[in-house]
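Chemist: Look at TrEMBL and you will find H30, T32, E191 tagged as Mg(2+) binding site. Here TrEMBL flags D196, H200, D237, H238, H313 as Zn(2+) binding site.
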Amino acid sequence: MHVFFGGDKTKLVVFAGKSVGVVTTTRITHATPAAAFAHSADRNWYSDSNMPPEAIAQGCKDIAWQLIENIPDIEVILGGGRKYMYPLGTPDVEYPEDPKANGTRNDGEDLVKVWQEKKDPSKVSRYVWNRSQLLSLDKEHVDYVLGLFEPNDMAYELKRRNTTDPSLSEMVDSAIHILQKNHLGYFLLVEGGRIDHGHHAGEASLALHEAVELDRAIHVAEDLTSEEDTLTVVTADHSHVFTFGGYPPRGNPILGKTPELSDADFKPYTSILYGNGPGFKLERGERVNISDIDTTNPNYQAQAAVPLKVETHGGEDVAILAKGPMAHLFHGVCEQSYIPYVMAYAACIGENKAHCSQRAYHSDSALLSFSFTSVLPLVVWLVL
């Protein structure tokens, strides 16, 4: 869900006394997480160095700045995007020799330091930048945590370094343990954002493994929460031009080739394909013969019908899956803008609170929002 719980809605959650958490596998300033705390004319204004001078002159603020300044009391912030928090040229703590990982801020602000200084000294706040630091937190006593685990987006699950980068499941586990201490409840946004990136690159293996990890994260949340008082919503903001073709038998590898050849050019093709993208390749004017190509390789770009440098989004409806209080209000076909209103209604936030006094759980209800960027409908329904 490309949040739909925008900056103002998140403020309502804070004002209602509930805790707030934002967890993503992208940079924390990316589109979905940013919608929880920022208002921006351009989604790419990650730091002030990404902004045009006229925007800065007119008082516009970059997304990283807004994360620290707009709603300073967000309890849990976990994802990538370290370089947008530090002054231009500041060497990264993990990749000091890589200039692409250096800080990017032209205003000279150290936003991590600002975040720490804004915290109530009577509260326990922790900044962490690697997996071991996150997992070693005393979650029962930590009130605030800012975790930035990569200079930019986090690594794909298949390429993740276990020593430094936590999995999405581990971030969700940490977030819920910290947030659930609030007896008034909490709102947690979780994004499996690199599913989208894998598809755009035409690398189906990376995208599908990201979707599986999101599924693991959802199960972690299920184990830590109760359907009696927690509304969990799983959805996406769009699909991709990703399709299932041929008639592979049961047990055929999802990343493998179909057993039959094309009846037009008599060459093999894979079970999953893209409508467009970088996987379009010709050899002497004909479709490439993939007989000797390992299509299960994580970096293999699945065949595409139309050549594009970056695969595009699709146009079909995406699923909304929900359970818990008021989950019955998610049914049929609806507009995206409907989703935050159901979530607010279920959590007794904002208007329309007449039903709240009749529900014993309203004072400590929690909201879990999971975001995937659509894979195959079949995979969505079986995995999620």
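Don't overthink the numbers, they just go from 1 along the chain as shown.
Including glycine, each Cβ sits where the backbone N, Cα and C put it.
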Chemist: Across all the protein chains here, work out how many other Cβ atoms are within 10 Å of the Cβ of H238 (Zn(2+) binding site).
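Modeler: Taking all protein chains shown, H238 (Zn(2+) binding site) has 16 Cβ neighbours within 10 Å.
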Chemist: Of the binding-site residues listed here (H200, D237, H238), which is spatially closest to E191 (Mg(2+) binding site) when Cα positions are compared?
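Modeler: The smallest Cα gap between E191 (Mg(2+) binding site) and any of the binding-site residues is with D237.
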Chemist: How big is the Cα-to-Cα gap, in Å, between H313 (Zn(2+) binding site) and H30 (Mg(2+) binding site)?
Modeler: 17
Chemist: Can you tell which of the binding-site residues D196, H200, D237, H238 lies nearest to T32 (Mg(2+) binding site) in space, using Cα positions?
Modeler: D237
Chemist: Where H200 (Zn(2+) binding site) and H30 (Mg(2+) binding site) are concerned, what is their Cα separation in Å, rounded?
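Modeler: That comes out at 16 Å between the alpha carbons.
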Chemist: About how far apart, in whole Å, are the alpha carbons (Cα) of H30 (Mg(2+) binding site) and H238 (Zn(2+) binding site)?
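Modeler: Answer for this pair: 16 Å between alpha carbons.
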